[in-house]
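Chemist: Copied straight from TrEMBL:
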| type | residues | note |
| --- | --- | --- |
| BINDING | E8 | Ca(2+) 1 binding site |
| DOMAIN | 8-111 | domain 'Plant heme peroxidase family profile' |
| BINDING | P78 | substrate binding site |
| BINDING | H108 | heme b binding site |
| BINDING | T109 | Ca(2+) 2 binding site |
Amino acid sequence: MNGSIIYEADRPENAGLSKSLKILRKAKEGIDQVQQVSWADLIAVAGAEAVALCGGPEISIRLGRLDSSTADPTGKLPEETLDVVALKTSFGKKGFSTQEMVVLSGAHTIGGKGFGNPNAFDNAYFKVLLEKPRPTSCKSL
């Protein structure tokens, strides 16, 4: 994590983050008056705090990340409209197995992705998976 998201707010994969970035920008201005903080550290701490506020586990954050001075390359995240075959290809190119892809896709425990309460750290996504018919092997994914 390098804080480059501040240069990437207009990208489709970051839609909906403008309000959060505005809040973080204001917080950073105040914090920087006391002690300089990198965007990367601020985002990491804010993410850990969001998880805790939603009832999730406490996440210890080590400080000292350096900020990027430019945006990261585009195309690092798969589009959310991709089908299973395209997702497997995308994750496979990054060295992930199908099982790892599923685990990472289910990482949307908090946030508005359509499963359960976006403000609660819960397992609603996995409950939905259990209710749906599953393929009998990973090969059919």
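Even glycines carry a Cβ here, placed using N, Cα and C.
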Chemist: With DSSP as the reference, give the number of residues of the domain 'Plant heme peroxidase family profile' (8-111) in helix, strand and coil.
Modeler: 53 helix, 0 strand, 51 coil
Chemist: What is the total of other Cβ atoms whose distance to the Cβ of E8 (Ca(2+) 1 binding site) is within 10 Å?
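Modeler: Summing over all protein chains shown, E8 (Ca(2+) 1 binding site) has 17 other Cβ atoms within 10 Å.
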Chemist: Determine, to the nearest whole angstrom, how far the Cα atom of E8 (Ca(2+) 1 binding site) is from the Cα atom of P78 (substrate binding site).
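Modeler: Computed Cα spacing between E8 (Ca(2+) 1 binding site) and P78 (substrate binding site) is 15 Å.
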Chemist: Over the span of the domain 'Plant heme peroxidase family profile' (8-111), how high is the average pLDDT in this prediction?
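Modeler: Averaged over the domain 'Plant heme peroxidase family profile' (8-111), per-residue pLDDT gives 87.
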Chemist: Near the residue listed as 'substrate binding site', which residues of its own chain have a C-beta under 8 A away, given they sit six or more steps off in sequence?
Modeler: A86, L87, S90, F91
